[in-house]
Amino acid sequence: MHWLPALLLPLLVLAKDPQLELAELAEKGNGVIKLTPNTFELLTSSNRNWSAAIQLTALDKRRRCEPCKNFDPSWNEVAQAWHKVPKAERDNHFFATLDFDDGQATFQKLGLSSAPAVYIYSATDGPHAPASGRFGPHKYDFSSGFEAGPLAEQLSRHTPIPIPYSEPFNWGKLLTSIAGVVSFLSLLRWVGPFLQNKWVWAAGTIFTSLVMTSGYMFTQIRGVPFTGPNGSWVAAGYQNMYGQEVQVISLIYGTLALSFLMLTAVVPYQTSPGRQRVQVYLWTFVIMLVYSVLIALFKVKNRGYPFRLFL
Amino acid sequence: MATAYTLPDISPTAVKNTASLVRIVALALISGAAIASRLFAVINFESIIHEFDPWFNYRATKVLASQGFYEFWNWFDPTAWYPLGRVVGGTVYPGLMATSGVIYNVLHKLNLPVDIRNICVLLAPGFSALTAWATYMFTKEMKDASAGLLAAAFIGITPGYISRSVAGSYDNEAIAIFLLMFTFFLWIKAVKLGSALYGSLAALFYFYMVAAWGGYAFITNMIPVHALTLMLMGRYSSRLYVAYCSWYAIGTLSSMQVPFVGFQPVRTSEHMGALGVFGLLQIVAFAQLARAHMSSKQFKDLLFYSVIGIGLIGAGGFVGLTYMGWIAPWTGRFYSLWDTGYAKKYIPIIASVSEHQPTAWPSFFMDLQLLIFLFPAGVILCFRELRDEHVFVIIYALVGSYFAGVMVRLMLTLTPCVCVSAAVAFSSLLDTYLDPAKPEVPVVEETAPATASKPAATATATGTSAIDDVVNAAKKSGKRGIFDLDTRLIIVFNAFCMLSFFVLHCTWVTSNAYSSPSVVLASQNQDGSQHIIDDFREAYYWLRQNTPETSVVMSWWDYGYQIAGMADRPTLVDNNTWNNTHIATVGKAMASTEEVAYPILRKHDVEYVLVIFGGLIGYSGDDINKFLWMVRISQGVWPDEIQEPNYFTPQGEYRVDDRASATMKNSLMYKMSYYRFAELFGGSKQAMDRVRNQRLPTVSPTLDYLDEAFTSENWIVRIYQVKKEDPLGRDLKSANAFTDGKKRKRSKPVSRRRAIM
Amino acid sequence: MLPLLSLLISLVTLVVARSSTGTDVLVIVSAEEQKDYTLFFEDLEGRGYDLFFREPKAEKPVLLDADVPQFHHVLMLASDTKAFASDITPQNIVELLTKNVNVVVALSPKQNLFYTLAPEFGLVPPPPGTPLISYFPERTDPPTVLPVHVAPGPIVTPNTPPVWFSGIPFSVGNSPLLVPILNAPSESFASDSDSTTESIVESVEKGGEGLWAGSSLGLVTGFQVTDGGRALFLGGGAILSDAFANKALPDGSSSGNKQIAHDVSAWAFQESLVLRIDETSHHVVNATEPKEYYTTNDQVVYTTKISRWNAKENEWEPHTGVDDLQLEFTMLDPHVRTGIPEDLARPGTYSVTFRAPDRHGVFKFIVDYRRKGWTHLKSAITVPVVPPRHDGYPRFLSAAWPYYAGAVSTSVGFVLFAALYLAGETKEAGKKKKE
């Protein structure tokens, strides 16, 4: 009877269940099926008892798709997390990637003009078909960013069982922080006097408040670029700014504050009247000049502003 | 000794008296300026309550004034958050209303029948004068009276504070900034003197602050941080112990008397810092005491480690209690200050508010102008002296500037600190250049400065004339000074010019940017004259006069307080955004198709739906622009039914024209906004949305479940009436088709038997 | 015309006015058809109705004048007419119904505007020219004239003998407002006379779809409009006619047509099965006046009084014997749902006491009583339920004893300390305390 399986084998291959075929592909791609237009059709065939999440991307260098490259690692991480699921469940959902260069026609058919995109196809048949009858494709919403965490969380709504994704523990971060603390403690002897110097603290305080009042948090929270697309560094509009503006503005504020401090705290200690006079005039000039620049800059941001100073 | 210019010969007492008279006059003038500059809103428009929240405060104050405090305390408002209702007495900071109520009653006892509305409108300007005074007192502790006067003048007119306290801006902040500054002043005073009296007074005003504004948590954390820093700097003293303990004990107990706060001071993380510092102070005090009584080295070591051990156990206890749920973790609002991405992810309602956006630098400059760069200079000067109170200002500067950067609205808490340290910097400059003492140039002249003579006023008079005092004081402070008159003059002239510019700037900003009631809008006609757009009140009064008193009005939450205040109708949601699900329900109704929205509307007994539409005249704050927030918030609750990407075009654009997505076009909000809009332009291709600059389809959307009831003059407010269910039990779409005479498709009897396959 | 007239009539002819809404009946019928219904009209006039006749094409008297209905009841017997005057439209008829005018419509195999009207009520007439046919029981009459057994129901008098029917059946939708009164015999079907059975066979093959046959089809069906009048659809006007009233059944006994004409017109004109809620009241236990708002966990008494129209006595009388009346205390969802038993001491009064939920909000007392054939009763009263007042909580809580003990012991301790401090030696007392 040993020959019987051997005889049946080619038959099995011929009449292979598409699900098995896909499972094999997934196995080959380490959890992610690398799609071609043909396998795309197979994966998204209208009569399917599996679900699929497909990343449509353009990873080729010539495509210059920066977000695609940022997103791809997260995608693979989540797919691999799914790959750890027991086989019985694993083959009911597939992760796949279709690159633009492999399937331009598919991109056109889907009407996609931007990448990356994630389409989720629910099962249309079998026990995992959604009761709502909405089989997709659902489009993944990138509003929560490119991170793997939210991706896994949102995709879990469409998979038969939740994706067992957990953020990889950041050992590097832990080690660095431990090393930091340890080195700080060991260096305390030398750093200690430094920390007890109030001017160190003063510098820190001034730096922080200068940066904060120059809109640093705005650039952080909004994630605005350092400069504009055409090389301009002043963003138009009152409630908008680029990263470089923080530097310029804090420099201006710092210069002005320094000039005032010079006039108040340093100039009076001059012993020679002549040098004192030169310094007073110098700092006054600096104040006037920088202040004018500041006002001019503000006028760029707020066009309705009626005042100006020298400039 | 040499002086740079001649001082008149006046006796020290005369100088002292004149100085105090000048101070009083200056303070009075500053108060006058502070009040006057806040009256632009009344002059340009009228005596009207502004914006959104003030309308609720005004309504609550009316209840308090007419029914008394106990009725207010027990006030359950069935018209808000219909049908959930709102327990107003327990969910409101009553300080503002109570203040107005007291003023109202006092004036009426004095037979001055002032309308409650005018008290509410003018409360904020009135309190701004008090704020100026409190800032004066505070700064006086930092440096001297002249710096105090400067600080008072700064805070009196700086736009950063005016933005929240113009006449009509009847909000908690109106009185809270005064309380903030005065509590800080009393705290500083208490620490300086080690006085339990001042500590208790600080607690008393802290209680008032707790009753007035949710921002009291700022004080709750600032004072402990100050105390902790002082301890870390090795500046623990019995003065600090007395001040802190008296403030904390009395302040916490009294703050728990406010119903809205309740047990929060012992149950939430925001307040744990204060408790922890209180505990730490006890340990440190005990250690200090014990050390004084012990001699052995081992004992001292034992003490040192046991103190650290107790501290660690205490900290561990907090963590444990938090995990066990006895102490509530940080609330989202508070947490979002640290983790700035938190709100957008988890609490879109908070992120959707425009005043919770981060601050760009032009806002800082607009609100504070020259103060913003004097501020670091002032902080450095604080570092130079670094007395206990200067540490306070430094911490305040650090924390305040961070918070102001994260949220536009917290600019308000930064402003007083900026004013104080800028005043310190500026008055130091003036002190230096007005000081008549001239180093090492022996020309004796007779003078007596009036303003810059604080040393003269305070120094004990030992010499024969005021000049000696001045000179002695100057000499004591070291070998420093300005030699020439021309340098003095240029600096003083410069300072004068900069201050004048500041005044011009503040006046311009106040009159142009911060004095709009936002209930009434203004635009410029061709000839430059002002044109008033009064659509909001027109619509609200229409509701008030044409609908039954019980008819429920649905709108986005921004307009809830205004509808309650001006139209006096029940609303589903309002600016007190306490129930996310209810808001999401409204968002879902707005974002869904008519068929989906109708059962929601009927379930909530909605009779009118109100939308704000700015497309005709270009009013950009309309509902279509806020629409994505409605979608996002409801998506948070019903992720399967509402999905944000469906409201964008496939290219990811937010459009309202021909290319708008089908979901967008079928949404109730879109339909209500653009209903009959194309017809207004004669049905041609001319229908233009002036906010989004897009041409609309020539065919307007149709409405089956709603009837247009009212559209205001400039189409800003559109009100729709929800139709009743069809008396014949049909769905309203086919009922309308029947009324319009459209033929129904012939149907056949349905099979009652299942076909056997 | 209407209010004044009805007032006059109710004053002058108090004895005979029997409908709960009024006595003016507009009969839209052609002059030749009018003769066929003399018995029915006599019956109506005998019950105190004033009949006004109008030719289908005549312009007067109008149904609605400036949107005000001019009659209390409208009888549309002109079933064979194709064209009507301009104001007789399906839309106007629906409008009449929403304004509490009762309408009786007779359909016929000939298509006219009623064919577009009926589907609005969930009734679908068969294609034109397909009358109801039955070959059972065996009789001499043509197959389109058939006797129909009357099923018992709330509207028709019990034990009414079978009635003659001629006309069309209609499929009855699943609207809860429909009241089936007379259904087709199970062996009957609708068909045009040319292709008697083929179409039936065809539709049977389709699994019954489009099959105009069987007992699920309606012949006489009522419709209770929400907050409005009653509509009655007749498959054919002939059921009311003199000819059928006098026609003997196949077994020789007299038909029930006269009886059913009386019964259905009494129902349609709101003589029978008419209910109303006279008053509702609510208050806390041991009080009589309603409160403006209730406190959570209050014991609330809800009382309602229901009357029924007595057509014989021409007055409203207490309606007793309802055992399935329900009260819902609702905020978004019902928080309390309870039966309202009858108060036996006061006939027609139903009363229940329940505990208000421990949840504040704006609640509604809702009574929504819908039974087939009867007028729907609906009452909703909005009332806020508020949390207890600040002084409404219990003063001393057992759970708070640790706090009381703490407060008292601290106070006592302070007094003791102060006394010792003042009485004893200053230095020693201070030391003692700190250690």
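Positions of Cβ are set from backbone N, Cα and C atoms, glycine also.
Per TrEMBL, compositional bias 'Basic residues' is recorded for B:742-757.
Annotation source TrEMBL lists domain 'Oligosaccharyl transferase STT3 N-terminal' at B:24-422.
Across the residues of the domain 'STT3/PglB/AglB core' (B:551-608), the predicted structure has a mean pLDDT of 91. What TrEMBL lists as domain 'STT3/PglB/AglB core' is B:551-608.
Annotation source TrEMBL lists region 'Disordered' at B:733-757.
The transmembrane segment annotation in TrEMBL covers B:21-43 (among others).
Outside the transmembrane segment (B:87-107), and at least 6 residues removed from its termini, the chain residues within Cβ reach (under 8 Å) are 57, 60-61, 64-65, 69, 72-77, 80, 113-114, 116, 119-120, 123, 170-172, 174-176, 179, 208-214, 258-260, 576, 578. What TrEMBL lists as transmembrane segment is B:87-107 (among others).
Among the features that TrEMBL reports, transmembrane segment is placed at B:119-139 (among others).
For B:145-162 (among others), the entry in TrEMBL reads transmembrane segment.
Annotation comment: TrEMBL describes B:174-191 (among others) as transmembrane segment.
What TrEMBL records for B:197-219 (among others) is transmembrane segment.
Per TrEMBL, the feature transmembrane segment maps to B:240-260 (among others).
Tertiary proximity for the transmembrane segment (B:272-290) is limited to same-chain residues at least six positions away from its ends with a CB under 8 Å from its CB atoms, namely 220-221, 223-225, 227-228, 231, 236, 238, 240-241, 244-245, 248, 252, 265-266, 303-304, 307, 310-311, 314-315, 318, 327. Feature annotation from TrEMBL assigns transmembrane segment to B:272-290 (among others).
TrEMBL lists B:302-328 (among others) with the feature transmembrane segment. Sequence-distant contacts of the transmembrane segment (B:302-328) (same chain, at least 6 residues past either end, Cβ-Cβ under 8 Å): 264, 267-269, 272, 276, 279-280, 283-284, 286-287, 290-291, 294.
Same-chain residues lying 6+ beyond the ends of the transmembrane segment (B:364-383) with a Cβ under 8 Å from its Cβ atoms: 142, 154, 158-160, 163, 390, 393-394, 397, 404, 411, 415, 417-426, 428, 498, 501-502, 505-506, 509, 513. Positions annotated as transmembrane segment by TrEMBL: B:364-383 (among others).
What TrEMBL records for B:390-407 (among others) is transmembrane segment.
According to TrEMBL, the feature transmembrane segment maps to B:489-510 (among others).
Helix, strand and coil counts under DSSP for the domain 'STT3/PglB/AglB core' (B:551-608) come to 33 helix, 7 strand, 18 coil. Fewer than three CB pairs closer than 8 A are found between the transmembrane segment (B:240-260) and the transmembrane segment (B:390-407), and contact between the two stretches is not assigned (pairs 6 or more residues apart). Highest Cβ contact count with the transmembrane segment (B:489-510) among the listed stretches B:119-139, B:145-162, B:174-191, B:197-219, B:390-407 falls to B:145-162 (criterion: pairs under 8 Å).
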